[in-house]
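All remarks here apply to the structure that follows.
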């Protein structure tokens, strides 16, 4: 969560103490994650970077020479023994084939396996067409749904301006409550608030359900919905909901609101919820790839979400807000450190 500057300040130095905190202790998953970038051992006296030392980060690093990797692998490692290494060559699945149809056979080993994250892209389907529908760039979500939010907001406001919308009119005509156009911003915000609750409930009870070890299909469904994201949390093409499957879920909730509320009122709540969803998806991508400034709201959320991925998978279900983690008692506890003498 500290971003590039945090790494630059520690370039060429021993970070063993920093991994134990403060500000927090790094999890076994975080320590194991470092093994993916292991190159070799430093000789005594080489810990400090030489004058003029500089380096850069690449989002898509150049391929490493296989001989260099082999030589590094043969070098005795001093990595923390608590880390459980994931060797993709000897993993429980074949990474050269689509994973979706393999994970169901993991049975009791699935839950532990899916929560040991790796830094590599995932392929789900044999079909290139189905695979393309399961992936999307972050900006596609904004390009598809932002115009829909604007259009439906205009439709809702102009419809309310006609003065024909009344609440409880199906129960009583005399005591029904008129809904004026000036109420639209508040109804819109209500939709966003309800989305934040729905976001929490879906993440906790659907995405983080623990499928029975004996049920191949539920394990496969879990991996399709969310397990893939926990296995490869930095696969940039799988951080937001693809528009095609998203439209089915969005259509379902639109239908529910139309059944429960007057047409225009249901549409007004819906468009606020849809806006909340777009903000959520954009924020989720940023929490994985952005570098917010320390001390800001997004910095705290990023650190919170990273803890959810690497150590606290059974808590910290809020993404765009931690609000609902408090009443549902799933808030990730703050770490405390005793003062050293």
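Quick reminder: no glycine exception, Cβ is built from N, Cα and C everywhere.
Your range for transmembrane segment, going by TrEMBL and the list 161-181, 182-202, 203-223, is 182-202. Segment annotation: TrEMBL labels transmembrane segment over residues 137-157 (candidates 116-136, 137-157). As annotated in TrEMBL, transmembrane segment covers the listed stretch 267-287 rather than the other ranges in 57-77, 78-98, 267-287. The stretch that TrEMBL tags with region 'Disordered', taken from the ranges 1-28, 29-56, is 1-28. Sequence-distant neighbours of the transmembrane segment (137-157) (same chain, 6+ residues past either end, Cβ-Cβ under 8 Å): 181, 184, 187-188, 236-237, 239-243, 246, 264, 267-268, 270-271, 274-275, 277-278, 281-282, 285. Among residues of the same chain six or more beyond the transmembrane segment (182-202), those with a C-beta under 8 A of the stretch's C-beta atoms are 153, 156-157, 160, 253, 265, 268-277, 279-280, 317-321, 323-325, 328. The domain 'Cytochrome b5 heme-binding' (1-43) scores a mean pLDDT of 78 in the predicted structure. Counting residues per DSSP class in helix, strand and coil order gives 21 helix, 0 strand, 22 coil for the domain 'Cytochrome b5 heme-binding' (1-43). Remark: residue 203 (Zn(2+) binding site) has 226, 317, 318, 319 as non-local neighbours, by Cβ distance under 8 Å and separation of at least 6 in sequence.
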